[in-house]
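Below you'll find the structure, written out as structure tokens, and then a few comments.
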Amino acid sequence: MVKSHIGSWILVLFVAMWSDVGLCKKRPKPGGGWNTGGSRYPGQGSPGGNRYPPQGGGGWGQPHGGGWGQPHGGGWGQPHGGGWGQPHGGGWGQPHGGGGWGQGGTHGQWNKPSKPKTNMKHVAGAAAAGAVVGGLGGYMLGSAMSRPLIHFGSDYEDRYYRENMHRYPNQVYYRPVDQYSNQNNFVHDCVNITVKEHTVTTTTKGENFTETDIKMMERVVEQMCITQYQRESQAYYQRGASVILFSSPPVILLISFLIFLIVG
């Protein structure tokens, strides 16, 4: 019995050591499924339509193809073709045909498709990475920062900056760092979109910027974009390191050994 357990354990360790790292990654769910959009019943017509096609030629005493005493093709006592007590063709208690019990035509239908629900995983992911700005093509808005103290080389510009720094942005727009090859590209894109968006928004409110304002704004935003890049890079590498750590063969062996001790 002990040799059998030892042999099984050696086989498990061998398989775990050579297992593909890709198995640790979460596979995307296939598309489709229940309540994923589209018509669940593509072959159905409107609920108020005829459930049976009209039949030509009736029997004895049928002027328009119905039963005995049916002037317009319905059941007994049906003036316009419906079930018992149906004046215009429908189910019992249906005044104008079609639908289930208590349904007048297309009004008050049962089993309506439910409204699509918000995917909370996507909401949580967006909240963790930053607020996604829909009108800016996938850019995210970073958290608020303290405006840096910058010296511009002259007393006039330094004083002007201290007096007007509250008019400059304290948040930057950016894309995920994995979409850029280096820090310079990230910062360049971050500065351009942030200055442009802030200028347009502020100008719409009736406030204009001078050339001095634009110059200082670019310097301020550049420093904040560098800070944002450092934050995002650190978080990105930490996530990558965690994935590599838990998918390495030694860690898999250790976890398998602990599971064996607990179960055995």
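Placement of Cβ uses the backbone N, Cα and C atoms for every residue, glycine included.
Taken from Swiss-Prot as is:
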- H72, G73, G74: Cu(2+) 1 binding site (BINDING)
- H80, G81, G82: Cu(2+) 2 binding site (BINDING)
- H88, G89, G90: Cu(2+) 3 binding site (BINDING)
- H96, G98, G99: Cu(2+) 4 binding site (BINDING)
- N192: N-linked glycosylation site (CARBOHYD)
- N208: N-linked glycosylation site (CARBOHYD)
- 25-241: region 'Interaction with GRB2, ERI3 and SYN1' (REGION)
- 25-41: region 'Interaction with ADGRG6' (REGION)
- 54-103: region '6 X 8 AA tandem repeats of P-H-G-G-G-W-G-Q' (REGION)
- 54-62: repeat '1' (REPEAT)
- 71-78: repeat '3' (REPEAT)
- 79-86: repeat '4' (REPEAT)
- 95-103: repeat '6' (REPEAT)
Taking the Cα atoms as reference points, how far is N192 (N-linked glycosylation site) from N208 (N-linked glycosylation site) in Å?
-> 18
Select the most exposed residue of N192, N208, where exposure means the fewest other Cβ atoms within 10 Å, treating these as the glycosylation sites.
-> N208
